[in-house]
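Written out below as structure tokens is the structure these notes cover.
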Amino acid sequence: MESLSPAIGQKAILPSTTGYSDHDLLLGPVRLRTVRNLNKACRRLRIRVQTGNGVSKNAAAGVGIDFSDPDWKLKYSREFEARFNIPHMTDVFPDAVSYPSTFCLKMRTPITEKFAEGYPSDEKWHGYVNNNDRVLLKVINYSSPSSAGAECIDSNCSWVEQWVHRAGPREKIFFKPEEVKAAIVTCGGLCPGLNDVIRQIVITLEIYGVKKIVGIPFGYRGFSEKGLAEMPLSRKVVQNVHLSGGSLLGVSRGGPKVSDIVDSIQEGGINMLFVLGGNGTHAGANAIHDECRKRRIKAAVVGVPKTIDNDIMLMDKTFGFDTAVEEAQRAINSAYIEAHSAYRGIGIVKLMGRSSGFIAMQASLASGQIDICLIPEVPFNLHGPHGVLRHLKYLLETKGSAVVCAAEGAGQDFLEKTNAKDASGNAVLGDIGVYLQQEIKKYFKELGQTADVKYIDPTYMIRACRANASDGILCTVLGQNAVHGAFAGYSGITVGICNTHYVYFPIPEVISKPRVVDPNSRMWHRCLTSTGQPDFL
């Protein structure tokens, strides 16, 4: 199997009928078998899936679906259920033994190594989640494909219920706590809330009765690189770690071969692995899950979605996003003050967002100080009668100043492309902020007009922040539910928030493509209303 480092950034180009085209997927025989199974399932109905915000969005009125079949809705629902069925230990070990859960808040005394049959109680605790509990993925019943942000299966926008698995503690568990060795790994870049999730995973594991908990240092490379030893974790170690930003365990991109990682998992006796990271990291986690199944290793691999860009499919938001939007307000306000205080001042703020503009959009909307918001999903012209530069000229003439907020992935067509890749296999982007600053200065110089341009890039200041209260709550619940999912016997899953409820998703469904801003969504329309900007086309 190929090294994890280049594979995470590889593009697997799949048939368009699946909707899994040109998106980040971990290659290799195990991973491709999963993809092929998905393709076969989708071809049975020839349904386009996973576009837009993660559900069928068919502009051609459901091409490939036989709407004359009176049972097409039922078939579609069954297909959806099959795709979103989450892998369980009993799929590979049908005779796996379950035990009464050791997680019960009626009695909080830690269990001993000799006791793994559940907390004794005269009264049944009603705090468990039933395995058949489901959460509705879509909550808006669009009446027309022309509605803002409409996601329709057919030309009539027929309503089809789509249910996903509810997260939470189960009454039966498939691991004895005294036999568990749990490992936590944080991959990719820094993100506010990493320490919060680590802390809560450790605390919840200890409540179940787990004594052996370790941290893998510096991402996936910690599994194989000499000199990087496991870090023993306990409540005492992590008690106050959430008060600081960064990651207690350290982060890195890329890593060794999947087979080497699983070798390390076997040699270390690890049977629960919690992986914190984004799309590429989750692709790696899914490959580890597949390899464990191939070797018939009784282990649970559970992901916790970490991306400051908020670009993971199907979820309301990912941890770190709210903090990023809040911290971005400082940079935007500084740019506003600089621009407003200068004669014909222009402030430029570049925010994170390689392929999605959620931070730039939400930060612009929250601040009320942005005149132009530029995101990767919406093309724009710099020059011409309807370009950004002409609008800046208008703003200086009418307001005397202007503030521009640009996502880092915006306007890449204007920049010189290179073949450079980072350790995760992502293309290295050009600096749109510096380019805008240069072009604006050049434009006004050619006009013979004054323009005082200031550029602010707060990227690394935002990434290193401690999580705010909103993200702190999200991280806490995600960490708890990750542990609940592992003890329940699920593997190859990730935990997320969907329509304000916490759910489990099969990893392949969330890594099919990055989540992006819909230019016809109400939220983007609200941003345009706030900034008052034209289309720039």
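Cβ from N, Cα, C; glycine included.
Model, not experiment: these values are computed from the prediction.
Database features, via TrEMBL:
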- Asp309: active site, proton acceptor (ACT_SITE)
- Gly189, Arg253, Gly254, Gly278, Asn279, Gly280, Thr281: ATP binding site (BINDING)
- Asn279: Mg(2+) binding site (BINDING)
- Thr307, Ile308, Asp309, Met352, Gly353, Arg354, Glu408, Tyr460, Met461, Ile462, Arg463: substrate binding site (BINDING)
- 182-484: domain 'Phosphofructokinase' (DOMAIN)
- Gly280: site 'Important for substrate specificity' (SITE)
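Taking the features listed in TrEMBL, we show where each one sits on the structure.
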residue	record	Cβ within 10 Å
Arg253	ATP binding site	23
Gly254	ATP binding site	22
Gly278	ATP binding site	25
Asn279	ATP binding site	30
Gly280	ATP binding site	27
Thr281	ATP binding site	30
Thr307	substrate binding site	28
Asp309	active site, proton acceptor	28
Gly353	substrate binding site	27
Met461	substrate binding site	14
State the Cα to Cα distance, in Å, between Gly189 (ATP binding site) and Arg463 (substrate binding site), rounded to an integer.
8
Which one is closest to Gly254 (ATP binding site) in space, judged by CA to CA distance, out of the recorded positions Thr307, Asp309, Gly353, Met461?
Thr307
State the Cα to Cα distance, in Å, between Gly278 (ATP binding site) and Thr307 (substrate binding site), rounded to an integer.
5
Calculate the distance in Å between the alpha carbons (Cα) of Asn279 (ATP binding site) and Gly353 (substrate binding site), and round it to a whole number.
14
Quick one: Cα separation, Thr281 (ATP binding site) versus Arg463 (substrate binding site), in Å?
17
Who sits close to Glu408 (substrate binding site): which same-chain residues at least 6 apart have their Cβ under 8 Å from its Cβ?
Lys350, Leu351, Met352, Gly353, Arg354, Leu429, Asp431, Ile432, Gly433, Thr459
From the Cα of Gly280 (ATP binding site) across to the Cα of Met461 (substrate binding site), what is the distance in angstrom?
23
Arg463 (substrate binding site) to Asp309 (active site, proton acceptor) - Cα separation in whole Å:
11
Hey, what's the Cβ neighbour count for Arg463 (substrate binding site) at 10 Å?
19
Inter-residue C-alpha distance, Asp309 (active site, proton acceptor) and Arg253 (ATP binding site) (nearest angstrom):
17
In whole Å, how far is Thr307 (substrate binding site) from Arg253 (ATP binding site) when you measure between their Cα atoms?
13
Pairwise over Gly189, Arg253, Gly254, Gly278, Asn279, Gly280, Thr281, annotated as binding ATP, what's the top Cα to Cα distance to the nearest Å?
12
